[in-house]
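Taken from Swiss-Prot, the feature ATP binding site covers ILE18, GLY60, VAL61, GLY62, LYS63, THR64, GLU65, ASP256, GLU321, ARG393.
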Amino acid sequence: MSEMTPREIVSELDKHIIGQDNAKRSVAIALRNRWRRMQLNEELRHEVTPKNILMIGPTGVGKTEIARRLAKLANAPFIKVEATKFTEVGYVGKEVDSIIRDLTDAAVKMVRVQAIEKNRYRAEELAEERILDVLIPPAKNNWGQTEQQQEPSAARQAFRKKLREGQLDDKEIEIDLAAAPMGVEIMAPPGMEEMTSQLQSMFQNLGGQKQKARKLKIKDAMKLLIEEEAAKLVNPEELKQDAIDAVEQHGIVFIDEIDKICKRGESSGPDVSREGVQRDLLPLVEGCTVSTKHGMVKTDHILFIASGAFQIAKPSDLIPELQGRLPIRVELQALTTSDFERILTEPNASITVQYKALMATEGVNIEFTESGIKRIAEAAWQVNESTENIGARRLHTVLERLMEEISYDASDLSGQSITIDADYVSKHLDALVADEDLSRFIL
């Protein structure tokens, strides 16, 4: 679990997301409160429930990007889902309980990686011994059993030194490795993924653990043996319990496009993928117990962050019970021309940096001038205003169009430098930006 302070979290998010300070502060406080809660005594800790967040803002302003970056910072079980993928219980489609099942699967994977990393040093020692046993087979007694030697032989120590120095990396050896489990593909109808995974694991267990002799270079064998030995040192039952604890205490669920499951106007007939989904989400957000293949998971202390553009629907169109369970509202602002300029230059891996790096692979040096950046930002903002406002995503469309000619001819331009200034941008984009009909189809 992350121990970063809210200021540190916001500072980290600032490296990738421009503006939206209110949203960054809210998620930073929510993340820090997870850590604060774990410092309380057990009785009080059980009473402190997370304050779920609803992020409201037009498309392309950074809602989903905040979720993506938060997943890396959280160091906790995290899952991002689209609200539109779910249907009401009893209808064809995914049920909302699968959110918690997927979150638990992600937690098991995360905890397994951490456990393997924790045992890595011991696993390396065991893998080294197995390779040395192949290079210098241990002595056997009259009954064909391996004798336990008090001290390793001089030859074994010499080979160990060579192995550690990488002198034997390219030498081929034949070694017994765990065979891959029997793969069984099962095609199941939507909504029955849980049964499918249980059947697959059952068929895999039928085969048992078999060994298979493989001929490999020592450096490749070492990697596989370390993984195999580390997996043996991990207790599967303990791992499952740790994963469930991690989900229950630190789990974070990000639900995107929640505005798409709002009921719009008066409609007759069942609304199975809108209001029905909201009703099914209620117990999860409020706190219930969900059955997963790893065990029962309580959702009382899982943090839910929902987001939506709410361009047609309004937050008040959500059913009242769900509104009450999303107490923190954060409004994200529409992006301006100056925001677009900052997006093109400030983030660690901004779009302009990506294009420069891609063209550098062909030996072409691209330089974006300040006037060029400003003109690109103005063009993107202008197209957003005259057609549909898709926020920062418009920059990708505009830049792709601008760089199309260079990308096509890059292999013939090796060794050249190209400067993208205001004149270059105007020459390639002005006609398209000015013609609204062309903008709708091309930009």
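Numbering starts at 1 and runs along the chain as it is shown here.
Glycine is treated like the rest: Cβ placed from N, Cα and C.
Comparing the binding-site residues GLU65, GLU321 on other C-beta atoms within 10 angstroms of each C-beta gives the minimum for GLU321.
Within the set of binding-site residues (ILE18, VAL61, LYS63), the lowest number of other Cβ atoms found within 10 Å of a Cβ is recorded at ILE18.
The maximum pairwise C-alpha distance among ILE18, GLY60, VAL61, GLY62, LYS63, THR64, GLU65, ASP256, GLU321, ARG393, the residues recorded as binding ATP, is 34 Å.
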